[in-house]
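Q: Okay, so Swiss-Prot annotates it like this:
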type	residues	note
TRANSMEM	1-43	transmembrane segment
TOPO_DOM	44-54	topological domain 'Extracellular'
INTRAMEM	55-62	intramembrane segment
TRANSMEM	55-83	transmembrane segment
INTRAMEM	63-74	intramembrane segment
INTRAMEM	75-83	intramembrane segment
TOPO_DOM	84-104	topological domain 'Cytoplasmic'
TRANSMEM	105-129	transmembrane segment
TOPO_DOM	130-136	topological domain 'Extracellular'
TRANSMEM	137-161	transmembrane segment
TOPO_DOM	162-167	topological domain 'Cytoplasmic'
TRANSMEM	168-186	transmembrane segment
TOPO_DOM	187-209	topological domain 'Extracellular'
TRANSMEM	210-231	transmembrane segment
TOPO_DOM	232-256	topological domain 'Cytoplasmic'
TRANSMEM	257-278	transmembrane segment
TOPO_DOM	279-315	topological domain 'Extracellular'
TRANSMEM	316-335	transmembrane segment
TOPO_DOM	336-378	topological domain 'Cytoplasmic'
TRANSMEM	379-397	transmembrane segment
TRANSMEM	401-415	transmembrane segment
TOPO_DOM	416-438	topological domain 'Cytoplasmic'
Amino acid sequence: MKIKPILELIPEVKRPLKGVSFKEKIQWTGLVLILYFILGTIDIYMGGAEMPAMFAFWQTVTASKMGTLITLGIGPIVTAGIIMQLLVGSELISLDLSKPMNRALFQGLQKLFGIFLCFLEAVMFVGAGAFGVVNSTLALILVLQLALGAILVIYLDEIVSRYGIGSGIGLFIAAGVAQTIFVGAFGAEGYLWKFFSAMSVGSLGIAFEYILPILSTLFVFLVVVYVESIRVEIPLAHGRVKGAVGKYPIKFIYVSNLPVILAAALFANIQLWGMFLDRMGYPILGQYSNGTAVSGIAYYFSTPYGISNIISDPLHAIFYTLMMVIFCILFGLFWVETSGLDAKSMAKKLGNLDMAIKGFRKSQKSIEQRLKRYIKPITVMGSAFVGFLAAAADFTGALGGGTGVLLTVSIVYRLYEQLVQEQLSELHPAVAKFVGKR
């Protein structure tokens with residue numbers, strides 16, 4: 001059975017026939033963000049069922065809002081990406097992703113699988129007790145609503161990818177976490193007002209507890225901004241213009257925040273599967289109490305928020321940190337290969353621009369060998385660092401979750417860079433041609 005005819009039947013957002021202007025990209029990005037917030041205000045029909053407050057682990061990394069059309073958030077998209085990368089990386093699916101045609105096939109398969117996961121994760125949510133005990137008719141209605149909302153999110157992400165700036169996944173995460181941080185700090189019951197209130201009555205110990213999440217959030221913000229500026233610059237020479245030189249920057253966080261998004265989504269899925277299986281009477285991944293894993297592998301993959309939890313069970317914190325680092329490295333390496341950021345693909349792009357590494361022969365092979373010395377080690381180190389920082393930030397109790405803050409700052413920083421590139425493309429297309437292909 002051939003898969004391509006099936007992929008052709010899946011509706012898709014039409015690709016732009018001509019270049020989308022900077023102004024139009026801003027408009028499309030803003031419109032999609034507004035639509036996403038609107039979806040987050042539309043409650044699904046629950047037939048009187050109540051949603052227990054036990055799915056907090058799911059909300060940050062999936063940019064979801066429980067009980068609305070975006071209850072599943074970007075979960076199906078990200079989970080599909082994880083599984084497809086693992087299948088290609090282990091060669092269970094044989095695809096040479098250096099070829100554009102195969103990359104297009106990979107993206108089509110990922111989208112098809114993502115739509116399937118919209119229904120599967122909806123079934124798991126209902127089965128895991130997200131809406132309490134419901135009858136079969138209401139369960140079906142809930143599943144269809146959750147799946148429909150998740151499919152809409154897939155297409156909103158596709159609109160941003162083709163007509164907007166950045167990716168919908170990053171945009172939705174950043175918007176959700178930013179909202180959580182603002183409400184947590186400045187809302188009516190925000191930590192800032194509680195801090196001032198405690199200080200006014202001289203309760204310094206309590207005041208410190210209230211200000212610590214805000215300080216932790218600021219610390220993560222400053223660390224991420226600093227690390228985003230670290231890069232290795234490789235000198236380049238132009239083949240046709242004598243004396244023309246440039247620099248090719250390879251960032252320390254080479255694959256951006258994708259490894260953390262994928263790793264955190266994997267951990268959230270382990271919790272979801274564990275809760276579902278435990279409710280079905282098969283506690284393979286662990287046992288749960290009030291929606292929290294208390295034993296098994298699911299317990300060790302759950303985030304130990306706060307210093308008190310680390311002190312009470314340091315083994316849990318060590319295992320969680322180690323797994324976050326390992327999976328970030330694996331996903332970082334997979335992402336480099338599947339997204340055309342590997343040395344071979346980048347050497348080809350530089351060669352097409354008639355660029356060569358200064359002091360070396362002008363050949364694609366020479367450029368590739370030179371880039372190999374940097375890209376893989378930097379990918380490993382950068383992915384390991386963001387994994388460690390995400391875990392450590394979670395331990396501090398930062399507003400929006402440590403992982404959420406890290407992702408948001410990184411996403412906004414990259415979005416700013418893309419905005420600069422888009423402006424360059426309109427001011428000087430020749431310059432942007434090189435900048436955009438980096």
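Heads up, the Cβ atoms here are built off N, Cα and C, so glycines get one too.
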Q: Which stretch from 1-43, 55-83, 137-161, 210-231, 316-335 shares the most C-beta pairs under 8 Å with the transmembrane segment (379-397)?
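A: Per the Cβ count, the answer is 316-335.
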Q: Going by DSSP, how much of the topological domain 'Cytoplasmic' (162-167) is helix, how much is strand and how much is coil, in residues?
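A: The breakdown for the topological domain 'Cytoplasmic' (162-167) reads 2 helix, 0 strand, 4 coil.
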Q: Flag the pair the transmembrane segment (401-415) / the transmembrane segment (137-161) as in contact if three or more Cβ pairs fall under 8 Å (sequence separation 6 or more).
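A: The transmembrane segment (137-161) and the transmembrane segment (401-415): touching, no.
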Q: With CB pairs under 8 Å as the measure, which of the listed stretches 1-43, 55-83, 105-129, 257-278 comes out on top against the transmembrane segment (168-186)?
A: 55-83
Q: Which stretch, 1-43, 55-83, 105-129, 137-161, 316-335, tops the Cβ pairs under 8 Å count with the transmembrane segment (257-278)?
A: 55-83
Q: With an 8 Å cut-off on Cβ pairs and a sequence gap of 6 or more, do the transmembrane segment (105-129) and the transmembrane segment (210-231) reach 3 or more such pairs?
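A: Contact criterion not met.
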Q: By DSSP assignment, list the helix, strand and coil residue numbers for the topological domain 'Extracellular' (130-136), in that order.
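A: Here the numbers are 1 helix, 0 strand, 6 coil.
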Q: How about long-range neighbours of the intramembrane segment (63-74): same chain, 6 or more residues beyond its ends, C-beta under 8 Å?
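A: Beyond its ends, the intramembrane segment (63-74) has Cβ neighbours at 36, 39-44, 46, 51, 55, 118, 121-122, 125, 130, 145-150, 152-153, 157, 168-169, 172-173, 175-177.
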Q: Of the listed stretches (55-83, 137-161, 210-231, 316-335), which one yields the highest count of Cβ-Cβ distances below 8 Å with the transmembrane segment (1-43)?
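A: When the Cβ pairs under 8 Å are tallied, 137-161 comes out ahead.
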Q: Pull the DSSP breakdown for the topological domain 'Extracellular' (187-209) and write it out as helix, strand, coil residue counts.
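A: Its residues fall into 16 helix, 0 strand, 7 coil.
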